[in-house]
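A.B. asks: First the structure, then my questions, so here it is.
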Amino acid sequence: MALPITKVHILILFMCLIELGTAQLSPNFYAAKCPNALSTIRSGVNSAVSKEARMGASLLRLHFHDCFGCDASVLLDDTATFTGEKTAGPNANSIRGFEVIDSIKSQVESLCPGVVSCADILAVAARDSVVALGGPSWTVQLGRRDSTTASKSQANSDLPAPTLDLTGLISAFSKKGLSTSDMVVLSGGHTIGQARCTTFRARIYNETNIDPNFAKSLQGNCPSTGGDNNLAPIDTTSPTKFDNAYYKNLQVKKGLFHSDQQLFNGGSTDSQVNGYASNPLSFCRDFGNAMIKMGNISPLTGTSGQIRTNCRKIN
């Protein structure tokens, strides 16, 4: 004879899930614990982006580079016992915005000590950065906790490089549970931000599927040797506005990275690029949905990990 399920049984089951670290993310996670957390993050992001529009792209990129894991491991500084991810190939001399996250974390800690994770701050800051630059909003799922370690080798192996061909991009995203369609729409984050000469030099000097005038215009600030850290906008049309110009650029062979132009190079993703180039509302909708999906990659929840007091080091 089956025993009836009571409220006590349900409560015990819920507590077991929490104990196992499998609690689900929720958009209302901080509603009672820290009701002003989200507005504080938004204010910090808006202040930073108003001072430097590029910072919006930098904060979005921090979340991208964290979220092939979503546990704020990307924020940890090197220590005597482990090497963090900041010096990994895709991150070194590239990812930035740590001081903005530090400032926001400090403000949130003063409101609600030990409650809001650095991983959640990254996720919300990415959304708020996109909004600040004219892009879409989406509902950020919350309740992530922070890692107590980092992996430079994993950052090197997992983060997609700007030199990848289409098959490599599809594979890199697939390993994280993201579809080809997710990959194409998330690549649209390149509608904002800037890149270093070293990441696109080979393309503008050696490749043929590039507009020759576009390539020449970039060579002036990106010589064949030297000038590795000279910057160029990834989207030359509207580098500080979150829109669908990135896809229009690909249609006319003005993708800055080799990996960008791979999305429109006679392959399976051409039709999706065409769709986003002609329908900005579709791009914005799909981008928000893909960000939610990406933000749910392997988060630490429940009692796993910790809530760091300082995002740069474990407690």
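Backbone N, Cα and C define each Cβ position, glycine as well.
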A.B. asks: What residue among Cys34, Cys67, Cys70 is stated in TrEMBL to be the disulfide partner of Cys112?
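C.D. replies: Answer per the record: Cys34.
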A.B. asks: What residue among Cys16, Cys67, Cys70, Cys118 is stated in TrEMBL to be the disulfide partner of Cys311?
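C.D. replies: Going by TrEMBL, Cys311 is disulfide-bonded to Cys118.
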A.B. asks: Provide, as an integer number of angstrom, the distance between the C-alpha atoms of His190 (heme b binding site) and Asp235 (Ca(2+) 2 binding site).
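C.D. replies: Rounded to a whole number, the Cα-Cα distance is 7 Å.
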A.B. asks: About how far apart, in whole Å, are the alpha carbons (Cα) of Cys112 (disulfide bond) and Cys118 (disulfide bond)?
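C.D. replies: Cys112 (disulfide bond) to Cys118 (disulfide bond), Cα-Cα distance: 13 Å.
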A.B. asks: What is the total of other Cβ atoms whose distance to the Cβ of Cys70 (disulfide bond) is within 10 Å?
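C.D. replies: The Cβ of Cys70 (disulfide bond) has 24 Cβ neighbours within 10 Å.
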A.B. asks: Which entry in the list of binding-site residues, Ser73, Thr191, has its Cβ near the fewest other Cβ atoms, using 10 Å as the limit?
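C.D. replies: Selected from the binding-site residues Ser73, Thr191 on minimum Cβ neighbours within 10 Å: Ser73.
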A.B. asks: Measure from the CA atom of Cys311 (disulfide bond) to the CA atom of Cys197 (disulfide bond) and give the result in Å, rounded to a whole number.
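C.D. replies: Just about 30 Å between their Cα atoms.
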A.B. asks: Hey, how far is Cys222 (disulfide bond) from Asp66 (Ca(2+) 1 binding site), Cα to Cα, in Å?
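C.D. replies: Taking the Cα atoms only, Cys222 (disulfide bond) lies 28 Å from Asp66 (Ca(2+) 1 binding site).
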A.B. asks: For His65 (active site, proton acceptor), what is the tally of other C-beta atoms lying within 10 angstroms of its C-beta?
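C.D. replies: Excluding its own Cβ, the number within 10 Å is 22.
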